[in-house]
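One structure is given below, encoded as structure tokens.
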Amino acid sequence: MKQLKPNSKYLLFGQALSFMGDYCVLPALLILSTYYHDYWVTSGVIAVRSIPMVFQPFLGVLVDRLDRVKIMLWTDVIRGVIFLGLTFLPKGEYPLLFLALLFVSYGSGVFFNPARLAVMSSLEADIKNINTLFAKATTISIIVGAAAGGLFLLGGSVELAVAFNGVTYLVSAFFISRIKLQYVPIQSENVREAFQSFKEGLKEIKTNAFVLNAMFTMITMALLWGVVYSYFPIVSRFLGDGEIGNFLLTFCIGFGGFIGAALVSKWGFNNNKGLMYFTVLSIVSLALFLFTPIFAVSVIAAILFFIAMEYGEVLAKVKVQENAANQIQGRIFSVAEASIGLCIAVGSMLINIVDAAVIMAFIVLLVSGLFLHTKLVNKSFSERNNESEQIHL
């Protein structure tokens, strides 16, 4: 940390605080959505968080033509003002305004990540250090953010958690305003070329079995994430008035992800042992989460679920990185980013359409299909490695 240059420190401090606020406010928003007594509003909260991701792959065209630091600065200011404004909205009233404000906030937020990644690439010698520190800060921020939200709720006001998120965005904007980078506009591809790149990513996914499997994994996990998020308010009711439970379940995201990241090297890549762990954990944890009336069991199930999701996420990314040409990987991840946003939204809507038993049956079929496809791909990977070894001999 001491070796980082000022620009790198400002970016890291601002983003750690901002991320902390994100995971402090998520359960708070789910709690506020329950005051509308309509689960379509709860699903709407998840949808307006995820649907803007569909457009993120095409925003690099605009980001490359503008000052990235200013994009980050004004995005955080807009988000901060909106979240502070949400605290003045009466509970349970004006649902469309509630969702519209969230959509504007998260919609503006999709400009932030491409700009942040571009700024990070300008940090030269610090780029490896800040990427490593950012990954560590992400997990810690989820845990601390959820804990802070829980404390605000115990203090008597869920609105404080929402206000805290607004403040973290404004503090992040302050740090970003201190970043001193020379603005150099880049004439990147136009919108038509961006769509062409997107189509090339789709073509690679369809013709490369390994990349297709990675995409299948990411889409499956996104649907599962949407389902789990939508059930947070229901499961939380098994603990007191249900509000503090949302923060405890959000804490599980960070805790489970931390354990999952640590288990990746032990479970391995492209082998049936890790695949079996992922499949069993995904199905069993979701079944427990959806059907148990005991909150302590739900917490354990949530931790197991997020362990599986972290493992699956790493596996999917590595599968793309190992089996696709470097120049096409960005296009593949662009397609993945858009698909993930759409699938989280779809998963969150299922609670309003079918009951838990039907959702669980769908999940079992989906994860089982992924298991079979991955097993075939792992076999191909093993055969390819054996052939490569024989050639070298």
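Numbers here mean position along the shown chain, with the first residue as 1.
Just so you know, glycine gets a Cβ as well, placed from its N, Cα and C.
Per Swiss-Prot, the feature transmembrane segment maps to 11-31 (among others); the stated evidence is sequence analysis.
Feature annotation from Swiss-Prot assigns transmembrane segment to 43-63 (among others).
Feature annotation from Swiss-Prot assigns transmembrane segment to 69-89 (among others); the stated evidence is sequence analysis. Sequence-distant contacts of the transmembrane segment (69-89), counting only residues of its own chain at least 6 positions beyond either end whose CB sits under 8 Å from a CB of the stretch, comprise 14, 18, 25, 63, 97-98, 101-102, 104-105, 108-109, 111-112, 115-116, 119, 159, 162-163, 165-170, 172-173, 176-177, 179, 181, 183.
Remote same-chain partners of the transmembrane segment (92-112), defined as residues 6 or more beyond its termini with a Cβ less than 8 Å from a stretch Cβ, comprise 29, 32-33, 35-38, 41, 44-45, 48-49, 51-53, 55-56, 59, 62-63, 71-72, 75-76, 78-79, 82-83, 85-86. Positions annotated as transmembrane segment by Swiss-Prot: 92-112 (among others).
The transmembrane segment annotation in Swiss-Prot covers 133-155 (among others) and rests on sequence analysis.
Residues annotated as transmembrane segment in Swiss-Prot, with sequence analysis given as evidence: 160-177 (among others).
Among the features that Swiss-Prot reports, transmembrane segment is placed at 215-235 (among others).
Residues annotated as transmembrane segment in Swiss-Prot: 244-264 (among others). Among residues of the same chain six or more beyond the transmembrane segment (244-264), those with a C-beta under 8 A of the stretch's C-beta atoms are 23, 26-28, 30-31, 139-143, 145-147, 149-150, 153-154, 232-233, 235-238, 295, 298-299, 302-311, 314-315.
Positions annotated as transmembrane segment by Swiss-Prot: 287-307 (among others).
Residues or ranges marked as transmembrane segment by Swiss-Prot: 353-373 (among others).
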Do the transmembrane segment (215-235) and the transmembrane segment (353-373) share at least 3 Cβ pairs under 8 Å, sequence separation 6 or more?
yes
So which residues does the transmembrane segment (11-31) touch in its own chain, when a touch means Cβ under 8 Å and the partner is 6 or more beyond its ends?
4, 42, 45, 49, 76, 83, 102, 116, 119-120, 123, 130, 133-134, 137-138, 140-142, 144-146, 148-149, 152-153, 158-159, 161-162, 164-169, 171-176, 179, 229, 232-233, 242-243, 246-247, 249-250, 253-254
